[in-house]
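Here's the structure, in structure tokens; my notes come after.
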Amino acid sequence: LFPCSRKGAMMDNRFATALVIACVLSLISTIYMAASIGTDFWYEYHTLSPAENVTEAGRSIWEEFFSKEADEKTYTDALFRCNGTVGLWRRCITVPKNSHWYSPPETDMTTNCISFSLSDQFMEKYIEPGNHNSGTDLNRTYLWRLQFLLPFVSIGLMCFGALIGLCACACRSLYPAIATGVLHFLAGLCTLGLVGCYVAGIELLHKKLPLPDDVRGEFGWSFCLACVSAPLQFMAAALFIWAARTNRKEFTLLKAYRVA
């Protein structure tokens with residue numbers, strides 16, 4: 001009897017360790033995903049200091065950027081020229097704190113942002129950005145919509161998986177952990193799809209609107225958080241599924257041993 005009890009205790013410790021690690025990975029990936037959605041540094045543009053662009057033309061660019069009628073080409077040009085950053089929900093530019101016509105140029109800069117409305121998120125993209133008569137660019141339109149929807153689906157799946165995990169703890173059973181693992185795997189696929197859609201959308205945009213020679217673009221840390229979140233979700237899924245399946249297999253073998 002003692003060998004069986006000792007073996008069962010060892011297996012329980014092993015499964016418990018796997019579940020704890022999986023829960024920690026799930027929590028970290030959820031935090032990373034939430035942080036990436038809520039921040040504005042998915043893509044960054046770097047150019048000369050915006051303080052050098054304090055001219056009438058520069059002021060008109062800023063005004064058009066914050067206008068409700070700003071189209072894709074208008075605000076993209078402002079992002080190019082004003083050290084802009086783009087998130088899933090907002091776009092930002094860096095401007096001088098005091099840009100009145102009677103004030104001298106200043107080196108003190110501030111970041112001003114404007115949010116994408118829901119209508120902006122589902123707005124059609126055009127073959128020639130800014131030209132409504134050029135026809136709809138279906139590829140960019142659906143890539144933009146997917147990059148807005150997929151992160152929320154990913155977080156929703158992980159939250160639902162956490163709820164199932166709590167039910168499993170209440171029932172003192174590892175079997176529901178399989179469902180939690182599957183949900184985390186699907187969440188990882190959604191996050192991976194989000195990253196792919198965003199990269200493809202940026203590349204297609206830059207083919208339509210090439211970067212000026214003095215402007216450099218790069219993916220920011222918000223994008224990197226999403227990239228890190230995906231493998232964490234896959235690892236958590238693997239641990240949940242492994243613990244549940246292995247525990248079921250070991251329990252079946254132990255039951256057969258006792259019957260024998």
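Any Cβ shown, glycine's included, is placed from N, Cα and C.
As recorded in TrEMBL, the features of this protein are as follows:
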type	residues	note
TRANSMEM	15-35	transmembrane segment
TRANSMEM	148-170	transmembrane segment
TRANSMEM	182-201	transmembrane segment
TRANSMEM	221-244	transmembrane segment
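The listed stretches are 15-35, 182-201, 221-244; of these, 182-201 has the most Cβ pairs under 8 Å to the transmembrane segment (148-170).
Sequence-distant contacts of the transmembrane segment (221-244) (same chain, six or more residues past either end, CB-CB distance under 8 Å): 15, 18-19, 21-23, 25-26, 28-29, 32-33, 35-36, 39-43, 87, 151, 154, 158, 165, 174-178, 180-185, 187-188, 191-192, 194-195, 198. Long-range contacts of the transmembrane segment (182-201) within its own chain (CB-CB distance under 8 A, at least 6 residues past either end) are made by residues 26, 33, 42, 139-140, 143-144, 146-147, 150-151, 153-155, 157-158, 160-161, 164, 219, 223, 226-227, 229-231, 233-234, 236-237, 240-241.
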